[in-house]
């Protein structure tokens, strides 16, 4: 340890003796800090200047009219509100101007309000909603962050329009309620009075309806009596029809007898004219008598038909009138569904029965006409017979000449009379069946009338109950009117329409309570920028300073002593850098809850980063420095410095706990925003572990890879292009194992070297083939899994590093084999001398 301090003091003294080197030292201290300071100052409040981001606004809205809102022009209202809004740099342009400005990059985005915007917006109030749309166009080429800001502004504009529309609708509605509130009490009182009067009038109407029901029930009784009378008349008609059938049978018999007499008269005309004439006269007299009897019977039956028809029509008309009154009562009364259905069914049955009765009466009228026609035919036949008899008497002398023609005429008349009587008898037989059906129908009508009377009785009882309920409700309305509280009216007339509109526009007020408040965006980003400055500062030291320690002024220096001695110098520079950057952060206004803790955290984080960078650089040289660059590239997005780790691909989720920045940034955030529990000490504990791990790692690898570094830097020197270091390795560059084997058996060493050279060629081919195959596989997989490109890119990078390391290792083995081959040609004394020096150089304390 004492030797390491001496190395440290010597190096500090060297710097102190060269004033020009101080300029470089100041640059090494200030330059990394400038990165943090400039970025923190630039990002102190970037979102406070969003009014400089220009967004074109084009208003083509023609407005609309609605019964609720009246004339409305949302586009003009939006323009007026945007003129008072400084969140973005709103530019109010025409369509062509906005399009040109967007394409040229003069504005970052444009918002167009279409001509039917207001019309579509108020369409919801008419029940035919059409989604209103704002046309938002953005030039993503200009700037990625500006696009996100304009996106937020466009979404905010959408919400602002919706809120303004809700506010206007709610304000108009509240004003209407307020305007009607002044006469609200009067209207309520009038409504109560009207309701009470209506209840009373309805009760009175129910009284009248009950009286009408009583009259209808009386008419139903009269209709029942008429129905019974009609049944009696139908019975009489049936009896008359029977008598008429009997008379017609007698007529048919007499006609047959007359025809027989005429036949006999025809046969005996020549010999017994007188007796024949007498028989004709007697037959004619008898026929006249029979015809007179039948005609009288038919006339009597016709009179009965007319009487029955008149009685039936009277009953049917009375039933129709009763049904009409019942329908009118049913339409005017408020009944329960069950009672209404029963009355409707009864009315329907009465209508059907009345219609059947009308048809029956029509049949009776037709029968009466047929009977009268038969009587007329019989009378005509009688007159024909009388005329024939008179002609017989007058022409008795010429009968002998004309008997051939006269007798057939009489016979045909007789046959016509017989046919008419038979047809009339058949008609009367059919009408007897009709009379039986009429009797059945009249019995059904009587039953329906009785059922209707019972239904009307139930209806009357329901009307009585309804009347009692209306009287009770009339009393309740009076009580409600007396108990009405006028405070409701006062509340309505005192409505604040503007406040109600604001409530509907923003019904919820978001109350924001900041936990661990940070005064500015710059302070929030200070943890990331400061950690980057500390990493960059430590890395610049590895580039400017030599990591190899020379032995000037020392007899012996071990690898461990040199490693620690140079680390102390680097640590001093890192401490100065950390103090400079953290104090500068505080001076430019970075927030902190504990300034000493903020500065101390910067120092400790810087030392942890130094241990990592110094370990990689001293052990792996330029390759280690390249890894440091890769680490910082991965850590900027992967350590949650810019965006939450949850927003990043899965690859960064997996490496997040392994990155030093994760803990350095979180520890510094604790000192900026506030401490919670032992989070600060957990983060610093992880960084302390990384400090020790990489310090030991670098020390061990530095010793193990000393020979490799010698060869590697020698190769760099031979290019005469790359910067290299003169590796201070104690002892020769030969492997100790090869030196011992050369002293034991040079031929054995030669065979071993030949075998190792053969193996080297095999491994070189294997590494080349594996490298190509691995790259091809990753290319194919990336095409099959496009969503996993970040992870595949990381795997591809790691694979390339492995191949590079393998290639460098093989090249080191090639050079080592070439160098070891020199031992075969050296003398034994030449071999022993470097071996002895190598043995001596490994002695000494660290």
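We number each residue from 1, going along the chain as drawn.
Glycine is no exception: its Cβ is also placed from the backbone N, Cα and C atoms.
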Candidate ranges 722-744, 791-813 [criterion: TrEMBL lists as transmembrane segment]: 791-813
Range annotated as transmembrane segment in TrEMBL, from 648-665, 666-683, 684-701: 684-701
Transmembrane segment according to TrEMBL, located in which of 3-20, 21-38: 21-38
Transmembrane segment per TrEMBL - which of 485-506, 595-616: 595-616
Contact check, the transmembrane segment (21-38) vs the transmembrane segment (567-589), 3+ Cβ pairs under 8 Å, seq sep 6+: yes
Touch test for the transmembrane segment (684-701) and the transmembrane segment (791-813), at least 3 Cβ pairs under 8 Å: no
Same-chain residues near the transmembrane segment (623-643), Cβ under 8 Å, at least 6 residues beyond its ends: 527-528, 531-532, 535-536, 539, 542-543, 612-613, 615-617, 652, 655-656, 659-662, 664-665, 797, 801, 804-805, 808
Contact ranking winner - 524-547, 760-785, 791-813 against the transmembrane segment (595-616), Cβ under 8 Å: 524-547
Cβ contacts under 8 Å made by the transmembrane segment (791-813) with residues that lie 6+ beyond its boundaries: 623, 627, 630, 649-651, 655, 708, 711-712, 715, 756, 760, 763-764, 767, 770-771, 774-775, 778, 781-782, 785
Residues from the same chain, set at least six apart from the ends of the transmembrane segment (760-785), whose C-beta lies under 8 A from its own: 792, 795-796, 799-800, 803, 806-807, 810, 813-814, 817
